[in-house]
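Notes follow the structure.
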Amino acid sequence: MSESLESSTRESQLGIACAVQNEPGKVITLILTYALSYILHFILKSLSQPRIVSEILVGMTLGSIKKIRLFFDPNTLTTINFIAEFGMICYTFVLALEMDPYVLLKPPSQDALIAYCGMAFPFLLACGITPFLHFFNRSSIGFTLLFSFILSGTSSHILTHLVTSLRIGKSDIGRLVHIAGVHTDMMSVLLICIGYLFFPPLFHATDVQDFAISALKTSTMTAALHLQIVFTASVSPIFVNWINNENPDGKSMQGPHLVISIAFMVMVCCASPLYGYSPMLSAFMAGLFLPRYGRISRWAVGKINYLLTTLYYPLFTFWAGYAADLSKIDVKGWAIWGRLLVLLVITIFGKMIGVVIGGTLFTFPWRESVDIGLLLSSKGYFQLFLTTTASLNRIISRTTNCMMITVILITVASTPSIVKQIIKRARKRSPTHPRKLQFLDRSNELRLLAGLHGLQNIASTINFMELCSGNTDPGIVVYSMDMIELTEQIAATLVRQEGTDTVTVTDPDVVNMREEITGRLQAYVDEKGTGITLRRMLALSTFNNMAQDICGLAEELKVQLLVLPFHKIRREDGTRGSAMSMDMSKSAGSFHVAVIFIGGRDDRESLAYASLVAKHQRVKLTVIRFLLDDNADNEASRSINNYRVNVAAQEADMKLDDECFADFYERYIAIGHVAYREKHLANSAETYTTLRTLDEDYKLIIVGQGMGSVNTVLTAGLSDWQQYPELGPIGDVLSGSDFSPTSSILIIQQHYFRGDLDGMDDEFSA
């Protein structure tokens with residue numbers, strides 16, 4: 001008796017000594033896991049690879065090294081298993097929190113039908129093929145269905161990050177892939193949740209008694225899950241709305257409310273697991289019926305996603321790599337490669353064929369359907385967790401687990417190259433000339449991006465919308481963009497979100513301003529009735545980066561006209577020119593507009609815009625053309641070489657001017673629809689004098705910027721005393737403080753084509 005006691009004591013002491021001896025190795029391994037994951041991600045980021053690729057590679061490699069495996073005793077592995085399961089509970093909770101289950105009660109949209117077609121075909125393939133290739137240690141209907149859902153599912157979390165980071169999130173195909181991915185993910189996990197009730201993975205019935213126990217257990221779990229769903233769907237909106245009302249945006253969250261909110265979320269997630277249901281799937285069902293909108297939901301999603309990305313994912317992939325143990329996989333036989341090929345065919349080509357079939361319902365081009373299918377085949381952490389758990393519970397073999405991890409890695413790593421092909425084809429289809437009003441197809445709608453600094457720009461924006469909508473067929477699309485400078489105060493109120501729109505400004509002043517702008521613009525559009533489609537945008541950037549971000553947005557939206565208020569010239573009431581500060585749609589009488597045409601591509605563009613304005617019934621348009629007086633003794637013309645004029649370029653530009661003006665004259669002036677005046681001038685001094693004596697009855701004066709044109713005698717020297725060079729020589733003169741205070745100035749610069757876009761970082765619509 002004493003000898004056995006001493007023996008057991010020595011064994012326990014030896015175990016404790018080994019555990020203590022292995023502690024430094026565990027710590028070093030975990031630090032190495034995090035460090036290598038971040039380093040490899042930094043390297044692969046240049047190839048547009050997402051973080052999950054580097055994490056899987058590091059986890060699989062470290063988890064298969066024999067010396068590292070010796071550091072981890074069963075107790076430590078149990079702890080890591082618990083962390084992996086708890087982290088996946090949090091993952092499924094926030095995954096569901098960003099989904100809307102009530103869309104399933106509505107007629108399926110185009111995106112949903114594409115998602116369901118892309119899911120159904122690989123699911124049927126997997127159900128029909130996998131049972132015969134010995135992927136499972138023991139075959140059953142439940143295992144087959146679970147495996148099929150894994151192969152046919154999509155990781156919307158990973159796909160959203162990929163589409164956003166690769167900058168196709170706001171394109172048509174990007175939006176479709178994002179929404180279809182969410183539909184697929186929600187449907188596949190929802191069906192797994194339902195299947196768990198009828199096919200518990202660790203319960204194997206062998207006789208009548210076992211079937212009776214299984215039926216009773218299923219009934220209990222079903223009732224508990226049903227009560228959890230009803231409680232969450234009915235009580236949580238009331239609770240969450242109360243929390244949100246007590247903690248408005250822009251103020252700090254109250255501590256007690258934060259604690260109560262966390263306790264409520266834990267409570268609704270833990271109801272059904274008390275009766276044997278999966279905690280992970282229970283968290284998904286709870287998150288699915290919690291309100292998605294509001295401050296507390298945004299807070300939960302932001303905080304949990306931050307913890308998952310920073311701490312959980314590297315440890316999770318190490319856990320998956322440890323369970324896989326590549327060192328024990330025999331890769332010499334042809335059978336393993338054949339079964340891997342079958343899994344790839346089911347996952348990738350099955351999804352692709354399903355989407356192509358669904359795309360035929362909407363006449364999608366087959367190449368775009370193939371790309372959508374390839375993108376929707378992306379897998380992620382949830383699928384990795386299911387396959388690893390199935391391997392640990394000996395439902396599938398270690399070899400099958402490694403093959404599934406390989407499939408997950410391939411589907412994610414191939415996404416950047418697929419997106420690259422999408423962008424490449426989009427560039428080939430893009431027009432070879434820039435987006436100019438001069439080349440606008442009159443049968444297509446005009447796309448206008450109007451920037452607003454604040455409430456003082458609402459009236460002028462409405463007037464531009466009114467001027468451009470003179471002809472309601474085919475109409476205009478107006479993107480009204482609030483330009484908010486990113487200051488430290490604004491940055492402190494930003495709320496990070498998942499998806500293509502990544503941040504929300506919660507500053508009360510900004511929120512109130514945007515709501516008032518939206519209300520007044522929408523009121524005008526509703527009163528107008530038809531012809532105008534209004535869409536709201538937000539440009540949030542530092543002052544130095546604002547111009548670049550706005551230009552990128554304009555190119556992405558493919559607008560033909562970008563209108564920005566000039567921020568340096570303001571009257572006491574914050575406006576520039578009282579004419580555009582009054583609502584044109586509500587004022588009586590004619591609206592007099594003048595266009596000054598001297599020459600150059602910007603003036604040709606201003607003439608093109610004038611042709612749109614001329615269609616408005618209340619607009620009285622006058623074109624004033626400045627021509628060089630050849631009979632005058634012009635000293636400036638003799639010294640024009642001082643300005644280094646390219647004579648050939650000037651002659652080519654003048655030819656284009658004459659052709660453009662002749663076309664405009666024939667279409668509008670010759671029939672008396674537009675008034676015409678000529679000014680024969682000898683030099684830039686006479687140009688300046690003529691501009692100063694323009695009729696004050698003009699409410700709006702349209703001029704070209706003229707910065708990109710070849711210098712002419714009529715503008716030579718005006719730039720020498722410019723106060724605002726960015727307005728151009730004519731615009732700078734007209735913007736002077738001694739010019740007519742009742743006139744507004746519109747300065748137009750033609751879009752200059754810089755050639756083909758280079759690299760995947762260029763923003764444009766795919």
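Glycine is no exception: its Cβ is also placed from the backbone N, Cα and C atoms.
Sequence-distant contacts of the transmembrane segment (27-44) (same chain, six or more residues past either end, CB-CB distance under 8 Å): 51, 53-55, 57-59, 62, 68, 71-72, 313-315, 317-318. For 27-44 (among others), the entry in TrEMBL reads transmembrane segment.
Residues or ranges marked as domain 'Cation/H+ exchanger transmembrane' in TrEMBL: 32-422.
Annotation comment: TrEMBL describes 78-97 (among others) as transmembrane segment.
The annotation transmembrane segment is assigned in TrEMBL to 113-135 (among others).
The feature transmembrane segment is assigned by TrEMBL to 141-164 (among others). Residues 50, 52, 91, 95, 115, 118-123, 126-127, 130-131, 135, 174, 177-178, 180-182, 184-186, 188-189, 191-192, 195, 198-201, 343, 346-347, 350-351, 375-383, 386-387, 390, 395-396, 404, 407, 412, 415-416, 419, 498-500, 502 of the same chain, all 6+ positions outside the transmembrane segment (141-164), place their C-beta atoms under 8 angstroms from a C-beta of that stretch.
Among the features that TrEMBL reports, transmembrane segment is placed at 176-199 (among others). Taking Cβ pairs closer than 8 Å, the transmembrane segment (176-199) reaches residues 92, 95-96, 98-99, 101, 103, 109-112, 114-116, 118-119, 140-143, 145-146, 149, 152-157, 159-160, 163, 169, 218, 221-222, 225, 277-278, 281, 284-285, 288, 372, 375-376, 378, 382, 499-500 in its own chain, all 6 or more past its ends.
Residues 193, 196-197, 257, 260-261, 264, 268, 271-272, 274-277, 282, 285-286, 289-291, 294-297 of the same chain sit 6 or more residues outside the transmembrane segment (219-243) yet have a Cβ under 8 Å from a Cβ within it. The transmembrane segment annotation in TrEMBL covers 219-243 (among others).
Here the transmembrane segment (255-275) has Cβ contacts under 8 Å with residues 89, 93, 220-221, 223-225, 227-228, 231-232, 236, 239-240, 243, 246-247, 282-283, 285-287, 290, 296, 300 of the same chain, all six or more residues outside its ends. The transmembrane segment feature in TrEMBL is assigned to 255-275 (among others).
What TrEMBL records for 304-324 (among others) is transmembrane segment.
The transmembrane segment annotation in TrEMBL covers 336-364 (among others).
Taken from TrEMBL, the feature transmembrane segment covers 395-419 (among others).
The domain 'Cation/H(+) antiporter C-terminal' feature in TrEMBL is assigned to 590-751.
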Q: Take the domain 'Cation/H(+) antiporter C-terminal' (590-751) and average the pLDDT across it for me.
A: 80
Q: State, in range form, which of 113-135, 304-324, 336-364, 395-419 has the highest count of Cβ pairs under 8 Å to the transmembrane segment (78-97).
A: 304-324
Q | Beyond the flanks of the transmembrane segment (336-364) by at least 6 residues, Cβ under 8 Å | A | 110, 113-114, 116-122, 125-126, 129-130, 133, 135, 151-152, 329-330, 370, 372-374, 376-377, 379, 399-400, 403-404, 406-407, 410-411
